[in-house]
Amino acid sequence: MAAKDVKFGNDARVKMLRGVNVLADAVKVTLGPKGRNVVLDKSFGAPAITKDGVSVAREIELEDKFENMGAQMVKEVASKANDAAGDGTTTATVLAQAIITEGLKAVAAGMNPMDLKRGIDKAVIAAVEELKTLSVPCSDSKAIAQVGTISANSDETVGKLIAEAMDKVGKEGVITVEDGTGLEDELDVVEGMQFDRGYLSPYFINKPETGAVELESPFILLADKKISNIREMLPVLEAVAKAGKPLLIIAEDVEGEALATLVVNTMRGIVKVAAVKAPGFGDRRKAMLQDIATLTGGTVISEEIGMELEKATLEDMGQAKRVIINKDTTTIIDGVGEEAAIQGRVGQIRKQIEEATSDYDREKLQERVAKLAGGVAVIKVGAATEVEMKEKKARVDDALHATRAAVEEGVVAGGGVALIRVASKLSELRGQNEDQNVGIKVALRAMEAPLRQIVLNCGEEPSVVANTVKAGDGNYGYNAATEEYGNMIDMGILDPTKVTRSALQYAASVAGLMITTECMITDVPKGDGPDLGAGGMGGMGGMGGMM
């Protein structure tokens with residue numbers, strides 16, 4: 001076992017605070033509308049430029065192991081805030097630094113660390129309740145656009161795109177962010193259900209100008225099996241031909257004789273058919289086939305439940321107003337499934353989302369909900385260079401998370417004003433003893449830190465602005481972008497309540513643990529090893545007399 005280096009008391013806390021300050025000072029330059037960028041050196045490729053707090057925090061590793069422990073604990077604050085709300089990482093880091101700095105001063109002055117922590121926790125619990133009372137619902141497009149704009153570092157185009165996307169696919173819809181091909185940002189909305197499977201044969205194409213298959217009011221056959229024998233298909237094909245409608249076959253696979261016969265029938269104009277593979281694999285494929293069945297009012301033909309393809313009738317088929325199939329995707333528009341059945345299926349999947357343990361499963365389930373509920377929006381980010389594209393994409397991603405958080409828990413006045421108002425309301429809060437009262441004061445003083453840092457990044461005097469804002473009430477605050485005072489909500493400067501709440505809770509949680517630290521243990525750095533000196537191989541000393 002490696003030897004350990006142990007530090008106690010003030011020695012440990014000073015080292016830890018130094019690490020906290022290095023990380024927080026690097027992160028907090030990005031805060032606010034006039035925050036600066038940070039350039040990150042990468043081991044390969046061009047350097048990355050970012051204004052995202054958590055991206056900066058993740059890059060920091062310090063040489064001194066004790067200082068690094070302090071930095072890593074604050075990195076945890078940024079990561080947790082990012083996981084919970086998708087934004088507010090810089091605010092969380094600034095709050096953590098403020099609580100730790102003030103808290104360690106109190107410890108050095110002889111206060112009891114455990115009582116300080118209890119005081120901080122009490123203040124944060126009360127602050128969260130106050131934030132809830134200050135919160136106003138965020139339901140209209142204008143408010144959503146404002147939240148998106150603030151979170152994307154005052155980029156109005158991004159805010160408007162996100163609001164437009166939410167209008168089109170609903171608040172619960174799936175919105176994804178992708179690299180664009182031009183200089184402008186674009187919004188692409190896929191209505192209906194789309195999945196990543198294209199036609200099985202190019203001979204099905206009936207729109208040569210677009211290279212796509214378009215079927216109007218088709219029957220949709222859903223089969224959870226491979227189809228290779230055409231005899232299984234004959235009753236279905238005959239029934240569809242009599243009905244005079246096209247047919248879409250979605251199956252595990254269609255191959256050999258069955259595929260060849262379908263192609264020949266299509267080319268001769270006997271029946272208009274197209275075949276695609278079912279989306280997904282294994283259990284997920286079964287579930288997605290069931291989703292399509294619910295959307296189109298059909299039944300999945302599966303031998304597991306005793307259904308055979310030869311006995312399938314038109315009643316077992318799904319139907320839709322239109323189907324478009326190209327090389328890579330299939331889109332089903334306006335399925336005829338009953339609304340109640342679709343909502344029931346959506347409710348079922350939402351229950352699975354709540355119980356899902358992995359992010360991947362959750363993401364896939366959310367995609368299924370969106371496909372059933374109305375569509376998917378894709379924001380294509382445009383930029384002149386790859387470096388700018390990466391930076392912008394990270395901002396759009398942050399803005400998207402922030403708007404979702406705003407829809408979920410509402411919004412409060414931005415620019416650090418909400419925390420200032422909360423601190424003012426809690427000025428009479430008291431603990432069980434004097435040390436707890438100091439802990440409460442530490443937390444309330446720290447709540448001014450985000451506003452002070454935003455002002456500092458503008459090049460103004462933080463104390464002057466903080467005192468002016470404190471003298472006002474309600475949503476009165478300082479607009480750092482225009483350097484004016486006024487009503488923050490009216491000026492469109494909003495923060496999602498969830499983002500502010502998460503930042504405060506995670507900052508206080510980690511800061512409380514660090515204030516109560518009395519001892520730090522780490523491995524002793526390994527030396528360079530014994531100096532073997534010049535000379536040949538070991539054991540050859542004394543061989544010089546061989547001449």
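The backbone N, Cα and C atoms fix where each Cβ goes, and this holds for glycine too.
Features of the protein shown, as given by Swiss-Prot:
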BINDING   30-33, Lys51, 87-91, Gly415, 479-481, Asp495  ATP binding site
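Cβ neighbours within 10 Å of Ala480 (ATP binding site), excluding its own Cβ and spanning all shown chains: 25. The DSSP secondary structure for Thr90 (ATP binding site) is helix.
Of all Cβ atoms in the shown protein chains, 27 besides its own fall within 10 Å of the Cβ of Gly415 (ATP binding site). Residues near Lys51 (ATP binding site) in space but far in sequence (CB under 8 A, at least 6 apart, same chain), listed by position: Thr30, Gly35, Arg36, Asn37, Val38, Asn153, Glu391, Arg395. Most other Cβ atoms within 10 A: among the binding-site residues Gly32, Gly88, that distinction falls to Gly88. Under the DSSP three-state reduction, Asp495 (ATP binding site) is assigned to strand. Thr90 (ATP binding site) counts 28 other C-beta atoms within 10 Å of its own C-beta, drawing on all protein chains shown. Taking a C-beta cut-off of under 8 angstroms and a sequence separation of 6 or more, Asp495 (ATP binding site) has the following same-chain neighbours: Gly88, Val147, Ile150, Val411, Val412, Ala413, Gly414, Gly415, Ala418. Every protein chain shown contributes to the tally, and the Cβ of Thr30 (ATP binding site) ends up with 22 other Cβ atoms within 10 Å.
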